[in-house]
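Please read the structure below before turning to the comments.
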Amino acid sequence: QMYEITEEGGILKTLNEIWCKLTEPLQPEVPQPENTNMKVLSYPFSREKIYLYNIKDKDTFFDNATRSRIVHEILKRTPTKARNSMGIGTLIANNVYDAAYPLHDGEYEGQNDDMNERKLLYQEWARYGAFYKFQPIDLIRKYFGEKIGLYFAWLGLYTEFLIPSSIVGIIVFLYGCITIESDIPSKEMCDQRNAFTMCPLCDKFCDYWNLSSACTTARASHLFDNPATVFFSIFMALWATMFLEQWKRLQMRLSYFWDLTGLEEEEEHPRPEYEIKLLQKKLTNKKIRNEHSNENEKEKLTWTDRMPGYAANFGLILFMISLTFSAVFGVMVYRITTAAALSFSTNATTRSNVRATVTATAVIINLIVILILDEIYGAVAKWLTEIEVPKTEKTFEERLILKAFLLKFVNSYAPIFYVAFFKGRFVGRPGHYVYVFDGYRMEECAPGGCLMELCIQLSIIMLGKQLIQNNLFEIGIPKLKKFFRKLKDERTESKEMETNQSKDPQQWDLDYILEPFTGLTPEYMEMIIQFGFVTLFVASFPLAPLFALLNNIIEVRLDAKKFVTELRRPDTVREKDIGIWYNILSGIGKLSVIINAFVIAVTSDFIPRLMYQYAYSQNGTMHGFINHTLSYFNVSHLKAGTQPENSLFAQDVLFCRFKDYREPPWSQNQYEFSKQYWAVLSARLAFVILFQNLVMFLSVLVDWMIPDIPKDISEQIKKEKSVLVDFFLKEEHEKLKLIESFIAHDKQKHKSGTKGKRTRAASFSQFNHSQKGSIASFSSQHTEV
């Protein structure tokens, strides 16, 4: 039975038609449904109700993806001859079989004219040449199943949403470029006439220096440290909320058209590993069970059985997180020692470029460490989840995702968190510096602040991860594996080829060479980590959405090509949503508000500038800001042996300056924190609270204003339910009429009560389609409808 889909009228319909005409060249050339205004009524298949379905041909009633899913279920559940083992998974684990996979629909390229869905997907979707086209989501879902269809729909929406954020990010960056000449603090810093003699950057070997020598850093910092970045942080927080809301709406729309709205959670079968563990437990407890326990009691793994696994998980995750922090500390020590070593250099150019050299090399080391640890953490997370022995595939996947995400999140962001919130906070002051090991001073931020370094760190790690891990690894490693597998197969099959004359290889042979499908976790993970880079520290790097967009344009086609050409066809899985990934995205969105509030308040100079302009400036301008942020130090108070040797500056340097809010040497509380320090600190904390609450309120408002289910879809779902109920009631009414006619016929034919009952039962059993049909089962079916 079909029913009409009522379309939205008015201005929305007109806008939709205009949009369809404009985007016609971007649409993929794939078969479209003939009548888009009508939808076929659907209902979960039931063999008992087979007469309700419109079955024209039994062989084509289910599509290939559904057929492969049915076969996969049968293979999973079929018991084997081996004692207490179940399904193909156990046999593959025991090396009885090499692999089990559904076949691709023929070749994706070649001379033959036979067009199949795989070839169509390759031509219209899985080529870099088709990068400008929309994705044929319905065809992807038909070929690969709902789970993979939802992933590509999510990736497509995320990429589309990056376009407006990239444009706003470019505007914010350009605003920084345009206003750089009118920025008073950087002008003051670059002015040679303002002879701010700064305290030495290291003991003994470093000389006093002029602040104007750090002019380039100050000007570059303004590109990212300007009032527009505050607006951009608020914009990106609302952008993240709108993206998640829009995804919920798209997900609901796809669920309706893909008939997933009525999909209920099916009871999953236990994993073979769980059953083996349970069997071991049964064997151990066999004697005790025979003597004491109740036979009817269903045995299962308890938390005490899993205790060793939980303990190993807790210990190893703590160790891995400590390893990440150790790597960050190691790179910090490298920076301190290298900076000290380069300061001893006799070459003037080397000495002048110490900071740039150390920053660049340290970030590259950080990137290499992150890439190596990422691969290790992925394998460790999988092993930890396996020793936990989750019961079903779903719980296994969720626990694996949480562990892998926790480890990779800490690994990717720990160096960035260090630069943003810890670097330069524990330096001390001249005459009372904090030392690491013996004689190495804690590193401090550049004169322009740590935001520029945070920007460099973020950009190199983000771009490096995207270029090396997401693209080179994704393209290179599968190709290498495929090449080695092909070589291995050629060696083993060379003898067979001699006996059998050369013939066309079968599809299963061609697919066997391909890489096995290992799940969507790696695909989602790289995008979620990227989403973190785009939202968490966007205040320091407004161009992050642009780089993410450029990467994703390639990423969509790269993943598409991998699925169509490099991987064996995955088993289709019906899923209503993207599962735990949505919760992770939502968590990152909320965390980004807090982190950006702290980046603006603590890392950038936004609050000190505001405070100076409105509280301390005599004329309400930024003139004198640099002098206000620099404290005085009497050089005679330097510790013995730390004074600069062979200073090029004249001997009459009495006071040097350093960046901090401290009392001058002529004050009674010399070098103590000044009133300005506490005022600025209070303003920073007040800003964090205000910013966080404002953005959270706006996010909740956006969430509330945008309904989760589109109005037209909610109406269609109600309509479908109504049509379905009417359909079943009509069926049941016809059944009832038929039964009544049988009963009336029986009453006329037989007057005796006993005979009547027997015949009535017989006539009803003929009528009912199920072999064990009864009046009770009929009434229960009727109630269910």
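Glycine residues also receive a Cβ, built from the backbone N, Cα and C atoms like all the rest.
Record features (TrEMBL):
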DOMAIN    9-137  domain 'Anoctamin dimerisation'
DOMAIN    140-720  domain 'Anoctamin transmembrane'
TRANSMEM  151-175  transmembrane segment
TRANSMEM  228-244  transmembrane segment
TRANSMEM  310-334  transmembrane segment
TRANSMEM  354-373  transmembrane segment
TRANSMEM  400-421  transmembrane segment
TRANSMEM  527-550  transmembrane segment
TRANSMEM  578-602  transmembrane segment
TRANSMEM  677-702  transmembrane segment
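Residues 303, 362, 365-366, 369, 373, 377, 380, 384, 387-388, 403, 406-407, 410-411, 414-415, 418, 436-437, 440, 443 of the same chain, all 6+ positions outside the transmembrane segment (310-334), place their C-beta atoms under 8 angstroms from a C-beta of that stretch. Within the same chain, the transmembrane segment (527-550) packs against the transmembrane segment (151-175): three or more Cβ pairs sit under 8 Å, each pair at least 6 residues apart. Between the transmembrane segment (677-702) and the transmembrane segment (151-175) there are fewer than 3 Cβ pairs closer than 8 Å, counting only residues 6 or more apart in sequence, so the two stretches are not in contact. Here the domain 'Anoctamin dimerisation' (9-137) has, by DSSP, the following mix of helix, strand and coil residues: 54 helix, 5 strand, 70 coil. When pLDDT values are averaged over the domain 'Anoctamin dimerisation' (9-137), the model yields 81.
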